[in-house]
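Asker: Encoded as C-alpha cells, here's the structure I'll be asking about.
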Amino acid sequence: MASKNLLALVVLLSVLGVSVAIPKLSLDLDYYRYKCPDAERIVRRVTEQYVSRKPSLAAALLRMYFHDCFVRGCDGSVLLKSPNKDAERDAIPNLSLRGYEVVDAAKTALEKKCPNLVSCADVLALVARDAVVVIKGPWWPVPLGRRDGRISKLNDALQHLPSPFADIKTLKKNFAVKGLNTKDLVVLSGGHTIGISNCALVNARIYNFTGKGDFDPAMNPSYVRELKKKCKPTDFRSTLDMDPGSAKKFDTHYFNVVAQKKGLFTSDSTLLDDVETKLYVQTQVATGGISFNKDFSDSMVKLGFVQILTGKNGEIRKKCAFVN
C-alpha cells in the first residue's frame, strides 16, 4: 500500500509540474513482513554468532556482496557452485572470497522457519549489512524482494569485477555501467577500511612497476619501504592490511591513508587522480569523516538495486550453492 501511495504522489507532483525522480519500487523494506516476519531477525542472529567470534568475516562478507552485485547484479550468483569449476566463485579474483558458511547457515535457519520464501540474494544483502554492524560500522536499510539468478560464469566475473590495478578512468566506467556514479565509487572504496590482501597484488607496484626495478611513483616512498619489509620479492602470500593502522575498525582512516599516498592498490591511489574523488578524500580527512557513514549507507542502498531480479524472474533457491 505504501508503494502505491508513493507512486500516486509521484504522478500528482508530475502533473503539477514538479520534477521528481521516480523511486525504485521493485524492492520493499517490508517485503517479508507477512510472508516471513522473523526473516531479518534470523539472519541477524546467525550473522552475529559468526562475526562476533571471527570479526574478520565482516570485511569478507562485505566484499562478497560487492562481488556479487558487480557481476550479473545482486542475484546471489556468486554463491553458486559448478562441477566444472567455471562459476563466478572459481574466477581468480573470487578465489579468496570467504564467508559462504555464514550465508549458508542463515539460509538453513530461514528454510526451517519459512521454506522456499527468502532468496539467497536477499540473505547475502542482509548478511553483509549485519556483519558490518557487528563490528560497529554503519547501518543501512536493506530493501528486500530480490530473486536468485540461475547463471554463474567465471568469465563474467573476470570481465565485470573492478580490478585493483585499474586507473580512475576505468573504475568510473566500471561503476557507471552499473548505474553508480563517481561519488559512489569513492565512497564504496572506503570499504577498504577493513580487511586484508596479500603481497601478490602489490609485488609489481613496489619492485618492478615499469619493468626497470622501480616502484610506482604514486606511492609514498616510506610506505614502499614498509611494504618491502613485509613482502620480499618472491613472497606472494603474506597478508597485508588494506588500511594500515586501522584495519579492524570501520572508520574513515582509509581516506587519511589514501591522502598520504599509502593506498595499497592502484585503485586506491588513483582516487587522487580525479577532481571529484580527490576532493571527497580531502574532505573526509579535513572533517574527520563527518559524512562518511551516511554516504556509505546511501551508496550501499544504491548498490543493492543493481540489475536485480524480481517478480517471476529467477527463482528462490533451496540451497544457495545450487540452482533448484
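The first residue you see is number 1, and the count goes up from there.
Every residue gets a Cβ built from N, Cα and C, even glycine.
Annotations in TrEMBL come from automatic prediction, not curation.
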Asker: Going by the disulfide annotation in TrEMBL, which one of C114, C120, C199 is bonded to C320?
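Answerer: Checking TrEMBL, the candidate bonded to C320 through a disulfide is C120.
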Asker: Name the residue from C36, C74 that TrEMBL records as disulfide-bonded to C69.
Answerer: C74
Asker: Scan C114, C231 and flag the one TrEMBL records as disulfide-linked to C199.
Answerer: C231
Asker: Using a 10 angstroms cut-off on Cβ to Cβ distances, just flag whichever of C69, C120, C320 is the loneliest among these disulfide-bonded residues.
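Answerer: It is C320 that, of the disulfide-bonded residues C69, C120, C320, has the fewest other Cβ atoms within 10 Å.
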Asker: Of C36, C74, C114, which of the disulfide-bonded residues has the most Cβ neighbours inside 10 Å?
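Answerer: Answer returned by the neighbour count: C74.
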Asker: Distance check, please: Cα of C231 (disulfide bond) against Cα of C120 (disulfide bond), rounded to an integer number of angstrom.
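Answerer: If we compare the Cα positions of C231 (disulfide bond) and C120 (disulfide bond), the gap is 38 Å.
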Asker: What is the separation, in Å, between the Cα atoms of C120 (disulfide bond) and C74 (disulfide bond)?
Answerer: 10
